[in-house]
Amino acid sequence: MRMSVGLSLLLPLSGRTFLLLLSVVMAQSHWPSEPSEAVRDWENQLEASMHSVLSDLHEAVPTVVGIPDGTAVVGRSFRVTIPTDLIASSGDIIKVSAAGKEALPSWLHWDSQSHTLEGLPLDTDKGVHYISVSATRLGANGSHIPQTSSVFSIEVYPEDHSELQSVRTASPDPGEVVSSACAADEPVTVLTVILDADLTKMTPKQRIDLLHRMRSFSEVELHNMKLVPVVNNRLFDMSAFMAGPGNAKKVVENGALLSWKLGCSLNQNSVPDIHGVEAPAREGAMSAQLGYPVVGWHIANKKPPLPKRVRRQIHATPTPVTAIGPPTTAIQEPPSRIVPTPTSPAIAPPTETMAPPVRDPVPGKPTVTIRTRGAIIQTPTLGPIQPTRVSEAGTTVPGQIRPTMTIPGYVEPTAVATPPTTTTKKPRVSTPKPATPSTDSTTTTTRRPTKKPRTPRPVPRVTTKVSITRLETASPPTRIRTTTSGVPRGGEPNQRPELKNHIDRVDAWVGTYFEVKIPSDTFYDHEDTTTDKLKLTLKLREQQLVGEKSWVQFNSNSQLMYGLPDSSHVGKHEYFMHATDKGGLSAVDAFEIHVHRRPQGDRAPARFKAKFVGDPALVLNDIHKKIALVKKLAFAFGDRNCSTITLQNITRGSIVVEWTNNTLPLEPCPKEQIAGLSRRIAEDDGKPRPAFSNALEPDFKATSITVTGSGSCRHLQFIPVVPPRRVPSEAPPTEVPDRDPEKSSEDDVYLHTVIPAVVVAAILLIAGIIAMICYRKKRKGKLTLEDQATFIKKGVPIIFADELDDSKPPPSSSMPLILQEEKAPLPPPEYPNQSVPETTPLNQDTMGEYTPLRDEDPNAPPYQPPPPFTAPMEGKGSRPKNMTPYRSPPPYVPP
């Protein structure tokens, strides 16, 4: 070309035109016309020396196009059928493996009978996986001769990928999924079965077989199921509104969650019939079908994943400016040939090299650099090998080499900054038709969460050409070998760690222990690599460390954050996670901990209360002792997951601890389960069992335990055991629609307890009143001997006129008793000069009354005196008035 240009300056215009056309024809003759699309893409980048290699490559192993790329979602089944008839002919051997490797990824399984590739990816399998399908034929000497090959990709999306997209990807009928999909802001009702299994220990075939067995048991299609491992020991969902037990007595493995969708925004009344899950899970039929113990099940409403807000982290980045100095010329490097060693096929991972930024306070005139192009040719092997880069010593900065995603095998150069010691300006490097713009080496001022970098698609046995920009100074050239690993190279400054994935938000509940393991991909450092190699520190605002008494604690050795909030911590709390590398530089991630109130509230079916020896202040003021108490209580119940215990209260009176068990369903009353848990920890009289005491000692010594019902079981007492009450037999109950179970239990209490007690009390009261009246009445008609004697002594008998016998009149007590032989007395002597008393008229009247009687009735009976009294007469002064006078006795008649 230089000769042509030189001659064109000397020849006339017609000669110049002829030479120009001749040059164009010669240049076109160097490029063959290939129908392949890959050759058409590379015809502006490959030199003539590469055409023979490329032609041999296409003739040796033709690439078959026809296997489309696939996508998979974490926790959902993946299945693709490989069209082997397009790849292999009769007698060929099909080999499926990861591109450049001998085996498939750990989550994929190849079924040679059905020619299907299936598997179930986990969270650690996110990213792009390239699968190579090759056909080989057995040669005469026993070696395998490659025939055809094809490479396709499978991209694994995270679990919180769009539900509609993930289900549509796995479902054979997209129309069915669209019809049953929920609205964008509508929660999805999910039924989850908790299995005592470890997915990381299963082979891909065992995971798929587990889904097939659940499909035959529950009649739910595979594309609707999701199988993920338990994270942070959270076996149970605190937001579940229905739950039930399984047949597993205790959890041994890490645990697996197998779930499927029931509907949209369902509640307890609108949930479809789940008897096919509830009874088999409890009785063991589901465990026998699946081959793994069933811990329990629950139903909860899952809100659709909302886009996370983007946090920005500001770094102290310099501003690139031009440097002052004379123009320099980049020296052209002669082409060098790098021959890789004949090793096993391997795919080079994408690498990224960050060059140091350029800062100069004085702007100047930009220098002129000449862009050169060095040809690095790679010998074709079974798998593309990343070539090592050769650069000049001194202050030469190697160019950044990164494969693009669309042009196979082409390594895209990026702009490289010059260190401050040189006098050149950062060159502007251009690439021919790049599919993706190159990344500048300077650090940007904002950072966004990035996904796993998508690796380029490998193409079997294709050579690559690398375009490298060289910047040199006057130092003598010396060959050095550079790598792109994470180990710091000599002379490069330490770079601060970068925040890759935000922690963003942590949810916790009052009284429930939580723990969060910081993922290893949260931060990344170019020298120290992943997060587990960095030193993490949890701080509050203004660089204040979290105290020992804080309800949130962080273990920097295991990089585990844990805590136990109480009711005073309800709300949103902001914390900062600092990651520091060995050089002392750090990065910060701000995240929030949202503390929610107890989802069950006061509706827990049972409350467990235990009394321990000790001072309650020692437990209340020490978060570590509270956490240890919760862990020991969970261990006493046989649960490895501490989130099954919700601490309600710690009060005085030694140490009185009240808690609830989150594994118990709210409705209906789980009487048998509560009784089983009660018998596990306490005797019938409330004394703790030895197993419970051994689980909590020596830190906590229990003295008594009480288990009382609450919520749907509030009318029951479990510990201490109450003697059973005799309940009369009843007829089979009639189903009454829309009857409240709580109201029914209240009616039973009134019917069997309150009403009989009131009736018995009323009967006893009436009987007492009747007995008292009868006693008073009987006592009123009887007198004692003393009362009778007093009556006789003090009283004078009164004889009424009607009571006298006229035939035989009683003798008069006023007349003297005269016998029959008795003679009349002598008349009284008369004395002379006797004065007549004033009462003479009375005596005279009296004598006059008696005298005629004696004269007229001489036959009158003699006088009979009354019988003598047994007691002396007392109190004769009280004689009643208006007494009927006695009739006078008959007159006395002398014989």
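Cβ coordinates are placed from backbone N, Cα and C, and glycine is handled just like the others.
What Swiss-Prot records for this protein:
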CARBOHYD  Thr63  O-linked glycosylation site
DISULFID  Cys182-Cys264  disulfide bond
CARBOHYD  Thr319  O-linked glycosylation site
CARBOHYD  Thr367  O-linked glycosylation site
CARBOHYD  Thr369  O-linked glycosylation site
CARBOHYD  Thr372  O-linked glycosylation site
CARBOHYD  Thr379  O-linked glycosylation site
CARBOHYD  Thr381  O-linked glycosylation site
CARBOHYD  Thr388  O-linked glycosylation site
COMPBIAS  413-447  compositional bias 'Low complexity'
CARBOHYD  Thr455  O-linked glycosylation site
CARBOHYD  Asn641  N-linked glycosylation site
CARBOHYD  Asn649  N-linked glycosylation site
CARBOHYD  Asn661  N-linked glycosylation site
DISULFID  Cys669-Cys713  disulfide bond
COMPBIAS  736-746  compositional bias 'Basic and acidic residues'
MOD_RES   Thr790  phosphothreonine
MOTIF     889-892  motif 'PPXY motif'
Overall pLDDT of the motif 'PPXY motif' (889-892), taken as the mean: 76
Cα distance (Å, whole number) from Cys669 (disulfide bond) to Cys182 (disulfide bond): 32
Cys713 (disulfide bond) to Asn661 (N-linked glycosylation site) - Cα separation in whole Å: 14
Pairwise Cα distance for Asn641 (N-linked glycosylation site)/Cys264 (disulfide bond) [Å, integer]: 29
Cβ packing number for Cys713 (disulfide bond), 10 Å threshold: 22
Candidate with the highest Cβ count within 10 Å, taken from the glycosylation sites Asn641, Asn649: Asn641
Proximal but sequence-remote residues of the same chain as Cys264 (disulfide bond) (Cβ under 8 Å, at least 6 apart): Cys182, Ala183, Glu186, Pro187, Val188, Thr189
Local backbone state of Cys669 (disulfide bond), from DSSP in three classes: coil
Cα distance (Å, whole number) from Asn649 (N-linked glycosylation site) to Cys669 (disulfide bond): 23
Nearest-integer angstrom distance between the alpha carbons (Cα) of Asn649 (N-linked glycosylation site) and Asn661 (N-linked glycosylation site): 14
Where Cys713 (disulfide bond) sits in the secondary structure, as DSSP reduces it to three classes: helix
Composition by DSSP (helix, strand, coil) of residues within the motif 'PPXY motif' (889-892): 0 helix, 0 strand, 4 coil
Around the Cβ of Cys182 (disulfide bond), the count of other Cβ atoms that are within 10 Å: 17
Set of same-chain residues at least 6 away whose C-beta sits under 8 angstroms from Asn661 (N-linked glycosylation site): Ala604, Ala606, Phe608, Phe637, Thr644, Ile645, Thr646, Leu677
